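Chemist: Quick one: the structure is below, questions incoming.
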Amino acid sequence: MPSLRLLAILTTLLAVVLIATQSSATRTTRRPKPQNTKKPPRGGGTGGGGGGGDQPARLGFRQTTTTMAPSSSLGTDETTEDTMTDAYSLSPTDSTTYAGDAYPTEFHTDSMALPGAGMGNYTLDYSHCYLNVCECCPPEKGRGPPGERGPPGPGAERGLPGVPGEKGDVGLMGPPGLDGMPGATGLEGDKGDKGDQGDTGMPGAPGILGKEGPKGDLGPKGEKGETGLPGLKGDLGERGKPGWNGTQGEKGDLGKIGPAGPSGLTGPMGQNGQKGEMGECPTGEKGEKGEAGLPGPPGPRGLVGTPGVNGTNGLPGPVGLRGQLGSPGGKGEAGGRGPPGLRGMPGPKGEKGPKGPRGVRGPKGPQGETAEQIRSAFSVGLFPSKSFPPPGLPVKFDKILYNEEEHWDPMLSKFNCTHPGVYVFSYHITVRNRPLRAALVINGVKKLRTRDSLYGQDIDQASNLALLRLASGDQVWLETLRDWNGVYSSSEDDSTFTGFLLYADPKA
């Protein structure tokens, strides 16, 4: 948008420059204005010496109207002005000195004055003349030498206003102007009336999750909800820790009677009985079918009979008529407990039950045997006479601070490992007069190194600490390297070497 505004401003400026150029090009050059003098009027003239307002008869006025042609970007410019013309010239022109310019050859007299214009005294101001003329003769053709530049004439008085010209025709409608610059922001209007309620808008996007609010107060206890659907089978839980040794509980009550076992196997069929003798009663007529009798009460359960001998299959009897369905009988009394059935097939493995409650803590057990506590430690220092020990050899720590287990050998200045395990070793060395390079050595292998670059009478401290695993029979000592043996000790400064067992390895 700023580029469009700049283009509009440049176009407007260009239009103004073009209008000004065309306006200056179409203006006619004014003729010199006559000067009123006190000379006597010419013959045939009228009027006294005070006729300064009359124009000379030889000069006339001509109204010139210039109309600008319409262009694509400029409007119509109509200019009307009154120009004074010389009676010798046909139209207003610029000054010229070329011989080719044409002028009328006839002689103009005072009779050419405009009607109603009186003859007055006047004198031409030659400094404003465009042609080589004089008062007594008309100009002649030809090109004269250029004259010298005359002095500027006095300021002329403003002439009378000319006759207003006729109203010109309405010009063609110009093209629409460029868009103007945006106006300033208007004043804030009054608050309008409340509009009608709009339709419900689309639901907005969910906002950003706000910060978690403070924990609310405990609400009232809700009503018991409906029983939910059974949950899915959970994963197998971890094996619980064994409970404490609890006391033996009392004997429980007798459990409920278990369900009846499966039916026993069918016993072998007994032998057929002997056929009975025919009765004496002759065969009577077949009687009518009697009504179905009421079901009798269930009889007592019979005793289990002895298994019969395998008999032969008898002849199948005639198919009897189907009797009517009897009404169900009443519930009989529970029979006695039958003998236990055979052991059934083992069922599938049941699911793991919930973790039971923790058992009661059992009684305190008897005191065990006291374990043998393994100890191994030492702490030694350096006497002042053993300061600056020779390099490459164990430092002679002969000032015993602790060595109850006698695992430190003062003759060799070495620690002998008796109990395998993890040991802690540390040393604090006072350094003076010369630099120090010390190393913690295990079986001839340097495991830990320390360096302190010190010269002069300054005193410094060098220390280190490490955990090392040792086997039975390992030896540990401290030694200096090369000529950097600035180990120092005095009545006010000590250099110490300490070690102790942290964890002993379990016995095999």
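The backbone N, Cα and C atoms fix where each Cβ goes, glycine too.
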Chemist: Which of the listed residues, ASN310, ASN416, has Swiss-Prot annotated as N-linked glycosylation site?
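Modeler: When Swiss-Prot is consulted, N-linked glycosylation site appears for ASN416.
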Chemist: Summarise the compositional bias 'Low complexity' (170-182) by DSSP state, stating how many residues are helix, strand and coil.
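Modeler: Per-class counts: 0 helix, 0 strand, 13 coil.
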Chemist: What mean pLDDT score does the domain 'Collagen-like' (144-367) have in the model?
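Modeler: Across the domain 'Collagen-like' (144-367), the average pLDDT comes out at 75.
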